[in-house]
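Asks: In case it's useful when we look at the structure, here is the feature table from TrEMBL:
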type     : residues : note
DOMAIN   : 39-171   : domain 'Peptidase S54 rhomboid'
SIGNAL   : 1-20     : signal peptide
TRANSMEM : 48-68    : transmembrane segment
TRANSMEM : 101-122  : transmembrane segment
TRANSMEM : 129-148  : transmembrane segment
TRANSMEM : 154-172  : transmembrane segment
TRANSMEM : 199-221  : transmembrane segment
Amino acid sequence: MLRLFFISFWLLLSLPFLLSNDGLEKLGALKWDKVVHGNQTWRLITCIWLHAGVIHLLANMLSLIFIGIRLEQQFGFSTLSVPFCSGSVLSSLFIQRSISVGASGALFGLLGAMLSELLTNWTIYTNKAAALITLTVIIVINLAVRILPHVDNFAHIGGFLTGFLLGFVLLLRPQFGWVGRKHLPASARVTSKHKAYQYLFLVIAMVLLIVGFTVGLVMLFRGENGHDHCSWCHYLSCVPTSKWHCGN
């Protein structure tokens with residue numbers, strides 16, 4: 001029910017303003033100067049509910065259905081809502097001359113969470129190699145296809161990295177021995193709930209998340225441009241070809 005409510009709310013906000021930049025900006029599209037100089041930090045979150053066209057909206061809705069349902073069924077809506085609101089900070093650091101909308105970065109956060117969930121719960125999967133290869137191919141294809149003009153791939157990359165790290169923190173599964181401990185005799189040795197490597201991944205991911213968000217937010221509100229610190233990063237969002245250029 002919660003998923004249906006948010007989908008309906010998403011459609012209600014997006015449809016009347018699908019082709020209007022002014023309308024999208026008024027509703028909360030991500031715009032660098034509004035966030036940095038206008039004290040409108042809330043745009044980092046509201047932008048994910050808006051879309052730049054019908055195709056954009058439908059593509060994200062279909063992706064949400066195929067990517068999000070399995071994770072929500074296994075871990076719950078409240079757990080997945082955290083990685084869903086990710087990617088906007090990196091986008092603001094690199095995309096400063098135009099608005100940005102859409103939930104693609106959040107959806108890549110779910111892909112990143114799926115990958116880290118597979119790695120941190122590695123011991124309980126049966127077809128490990130097949131699952132890892134399949135998921136990696138899906139992620140690579142999605143990133144490659146989106147390196148086109150007018151696509152905010154920095155939101156995708158930021159969302160993926162955030163979701164990947166959050167997966168180590170939020171998506172831990174208990175070991176089989178822990179789940180069945182109630183049926184063991186009192187004298188039996190109880191298996192620990194999580195493996196040592198799961199705790200190690202959790203600590204490293206938490207440190208990287210805190211450091212990454214702190215550095216990103218400090219750079220953002222100091223008005224810095226990410227391209228000043230990375231001369232080649234513009235290729236991550238657009239690769240120039242004979243068919244188009246990436247100057248604007």
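Cβ from N, Cα, C; glycine included.
Keep in mind that TrEMBL annotations are predicted by a computer and have not been checked by a curator.
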Asks: Cβ under 8 Å to the transmembrane segment (199-221), counting only same-chain residues 6 or more beyond its ends: which ones?
Replies: 35-36, 89-90, 92-93, 116, 119-120, 161-162, 165-169, 172
Asks: What same-chain residues lie close to the transmembrane segment (101-122): Cβ under 8 Å, and 6 or more beyond its ends?
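Replies: For the transmembrane segment (101-122), the nonlocal Cβ contacts are 10, 24, 29-30, 47-52, 56, 60, 63-64, 67-68, 71, 80, 83-88, 91, 128, 131-132, 135-136, 138-139, 142-143, 146, 152, 155-168, 170-173, 197-198, 201-202, 205.
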Asks: Per DSSP, how many helix, strand and coil residues does the domain 'Peptidase S54 rhomboid' (39-171) have?
Replies: 100 helix, 1 strand, 32 coil
